[in-house]
Amino acid sequence: MNSTQNSSPCRGDLPEDLTQTGCEGESNLSMWIYVLLGNVLRGIGETPVQPLGISYIDDFATEENAALYVGCVQTISVIGPVFGYLLGSLCAKIYVDIGFVTMESITITPADARWVGAWWLGYLIAGVITLLSAIPFWFLPRSLPKYQAEEHTSFVEMAKDFIPTLRTLLGHPVYVVYLYVVVIQLNSLIGMVTYKPKYIEQHFRQSASKANFLMGVINIPAVALGMFSGGLLMKRLKLNIMGAAKFAFCTSLIGYVLSMFFFAMNCENAKVAGVTVSYNNLDAVSYDKHSLFMPCNSDCFCSSSEWDPVCGQNGITYVSPCLAGCTTSTGSGKNTVFSNCSCVGVAVNFTASAGQCPDKDDCDRMFPYFLALSVITSFIISLGGTPGYMFLIRCIKPQLKSLAIGFHALATRTLAGIPAPIYFGAIIDTTCLKWGQKRCGGIGACRIYNTTAYRQEEKKSTLRGALANGGTELEALRKEELVILNCDQVVHATENSTDRHSQL
């Protein structure tokens, strides 16, 4: 325990994966069900606030001020994620088992792909705040003043009128076309927002904490400002229903045209021996576990599934100290230094340090431009949010307003909010180069992505929101992905798709 000389990483007397220790300690309970039920309850509670609240504003505000008030409500609803991302950034810096382990024993940093932040802490804090925010609703009037004099309608009568009213609403061609367009657009936007922190983390090699922080203080405020400015411009310009539709269309079109410039903002893959480069430092973005084994580590019985990266003195990252051919190590934790690494091969200094090589100079130069373009496109696209919502309200009869807004929320969350993160995640998974392995077997989290393919698939999926024929483009995109990837990766991705989706 007191010695600075550790055991040899090169296990010359043990076969690969001889034992799997600690498997009996893993829980088989599906704990994610509790998280799912919690989100279902949260959705039930928050859904009436938007349709009923916005309908109330449009009923009692003057026509010229309604757009501004709706813009304020939508802006406030966007400000919430700002604090959510900041809270997420704080929690991501804290180790997941905080309070149960000593931090001195943790050998990885928040920048490591294996780091897991205290995600559960955010649920506790946000849950308490949500309960407190519900208290003022108890003091709202039992009924709206405008309808107090009207005859009370029983629940049975309302249920009888529901189907005919819904049929009338869905028979409105303008409403149906608008709903169709919004569902397609939100598929791209929701998928982009869901995985944008992950994209920043993987493509530009930033920590999860920094990615969440930047989303909270830079990107989301631009969306809130855009929504508020859209409502303000609609009031100042006194736009009618056609003017609002044209304004929303133009801002969306300009935003998607600007999004095409993301394709040019590339960042080279990290140099990982046997994954993105060969052991001779030659580019070869194609992973096969046999490419990890070379003559320099042939005397070691290394595991191809292990991910414990070390940075060699030659600037190349190796999947593990064993695969780097290291025979001795000194120090402990984050300060461990591995010596006599036969695969490093830099003069006589065959050493490697714990952790992945930084090697992100090209990313640091491109990252500010990415953030600037991201803010501009988010602001321009969100400018049309409030005019588009006012178009929804004004294109239907007043008595159908609450039902139309409620069905709009149902359709967008069901057809965009649920499927978009799933198929975005599936597309992103196809660009993974090295999958981790769970302690007792099975596919774990992705350790390194092909950043070039990741960028192309992410942006192609985002731009799909500007197209009308969603199903055809999705099938064409799937075929393009099969061309980009080699056959081994496609088969591997297909066989393990279920495990990866649950991991995401």
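Numbers here mean position along the shown chain, with the first residue as 1.
Each Cβ is built from the backbone N, Cα and C atoms, and glycine gets one as well.
Taken straight from TrEMBL:
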- 290-345: domain 'Kazal-like' (DOMAIN)
- 66-87: transmembrane segment (TRANSMEM)
- 117-140: transmembrane segment (TRANSMEM)
- 175-193: transmembrane segment (TRANSMEM)
- 213-233: transmembrane segment (TRANSMEM)
- 245-265: transmembrane segment (TRANSMEM)
- 366-392: transmembrane segment (TRANSMEM)
Query - Among 175-193, 213-233, 366-392, stretch most in contact with the transmembrane segment (245-265) (C-beta, under 8 angstroms) - result: 366-392
Requested in this report: Provide the three-state DSSP residue tally for the domain 'Kazal-like' (290-345): helix first, then strand, then coil.
Outcome: 9 helix, 11 strand, 36 coil
Query raised in the report: By Cβ distance under 8 Å, which residues at least 6 away from the ends of the transmembrane segment (366-392) in the same chain are close to it?
Result: 54, 66-67, 70-71, 74, 78, 175, 178, 182, 189, 196, 204, 206, 214, 218-219, 222-231, 233-234, 239, 241, 243-245, 247-252, 254-256, 258-259, 261-262, 265-267, 404-405, 408
Query raised in the report: Can you tell me the mean pLDDT for the domain 'Kazal-like' (290-345)?
Result: 82
